[in-house]
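Here is what Swiss-Prot says about this protein:
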- M1: N-acetylmethionine (MOD_RES)
- 128-179: region 'Disordered' (REGION)
- 142-167: compositional bias 'Basic and acidic residues' (COMPBIAS)
- S172: phosphoserine (MOD_RES)
- G246, P247, P248, G249, T250, G251, K252, T253: ATP binding site (BINDING)
Amino acid sequence: MNLAEICENAKKGREYALLGNYDSSMVYYQGVIQQIQRHCQSLRDPATKAKWQQVRQELLEEYEQVKSIVSTLESFKMDKPPDFPVSCRDEPFRDPAVWPPPVPAEHRAPPQIRRPNREVRPLRKDMGAGARGLVGRAHQISKSDKAASRDKDYRARGRDDKARKNMQDGASDGEIPKFDGAGYDKDLVEALERDIVSRNPSIHWDDIADLEEAKKLLREAVVLPMWMPDFFKGIRRPWKGVLMVGPPGTGKTMLAKAVATECGTTFFNVSSSTLTSKYRGESEKLVRLLFEMARFYAPTTIFIDEIDSICSRRGTSDEHEASRRVKSELLIQMDGVGGALENDDPSKMVMVLAATNFPWDIDEALRRRLEKRIYIPLPTAKGRAELLKISLREVELDPDIHLEDIAEKTEGYSGADITNICRDASLMAMRRRINGLSPEEIRALSKEELQMPVTRGDLELALKKIAKSVSAADLEKYEKWMVEFGSA
């Protein structure tokens, strides 16, 4: 990409805009914006790419200003005096023997006819590939015009020099580049960035109890390709997607956040409500916009929770046309996000993680794209004891508590069930202390009076109140599906 050619085209666009030749100015602006876009795609340094994106945004703003001027001028040409209706009372008396005056002809501005200009020079054959689509100059600038616009040219040249200086200096302020949502509704882009993008979730492997096999598989599928990009190439390329299957409350979302934290990637937490809209075609746009944003903020982890609600089996009798279009767009986008391929930058990997409680309802094509399908089981006895320690590490415990004994009594409980037991047990002392007190007395209690240690009786009482949320029949269905379709 010839940088001098980019600067020359930007200079010409501004020069024509200052002289009032807006058509030629818009052509040059369009060309230079396309050149910068192609140049940004070839860059590898994030700091340099961010500076080029900033220059492109400034040129887009100038182009929009020229475009608004052209539309304003066109509106002046198309305006005509309003026809005021004349009421029947104001109509004068007409003699039938006298002809009425002729109806005034409607005057409209004649269409502009572009006549050939003898002073127009032909296009140079040695123009770069990025400027071949540009239209030649409409008018040659005369010497008098150049003398009149010399001061304006100096100002435009100063802005070009400033943009080049910013790109050469690099991103010294450390700001995160902003996604350019050109072609999309601004509200859609802002909603996705506000509701989905989560940088550095701060969930580590140590915050998740047990699940050692799942952690090992996720490290190999997601984390290691980021650490060893030269190794994971060719047949060793990273997996396109990972599906986590298991009963509810086993830590699938926590695993996805831990993956994003360990990789240092941008984390997109997507649900079915995020990618649905009541307007026709908006859902497909949201899916495409999501993956474009993921490629922009790469390396990225897209976690689609409850994916069976978005991409269930196609061809059923109760399937709607809009739902089928969304599924097709999702499948197309997922097939195009394979990360570290031969010709792609390994640091720009987009990993798709998905979780479901109903794997038997997922479409076959989606199951093929999610190449790794791992089972997230209920915690073991060791995992339950570790989970009790993690959940109760912020509260004071009675010395007589043996968490291993409590863990033996929670056979068949999920991780969410054990967390609920710990939360309920930590509130037992407070409930006993405020029993029978008035609101004024409760507000007068000191903080030390409420910070009572959790006893063994509190945990056993909470265990009696909270039952299991997963049945043995459901566990059997998960294990049967993994035997048939698992890919661990």
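Glycine is no exception: its Cβ is also placed from the backbone N, Cα and C atoms.
The most densely surrounded of the binding-site residues P247, P248, G249, G251, judged by C-beta neighbours within 10 angstroms, is G251.
Taking each of the binding-site residues T250, T253 in turn and counting other Cβ atoms within 10 Å of its Cβ gives the largest count for T250. The Cβ neighbour count for K252 (ATP binding site), using a 10 Å radius and every protein chain shown, is 26. Each residue in M244, A355, N357, I376, S414, G415, A416 lies on the same chain as G246, P247, P248, G249, T250, G251, K252, T253 and has a C-beta within 8 Å of the C-beta centroid of that ATP site, without being one of the site residues. Non-local contacts of G246 (ATP binding site) by the CB criterion (under 8 A, 6+ apart in sequence, same chain) comprise K252, N357, Y375, I376, P377, Y478.
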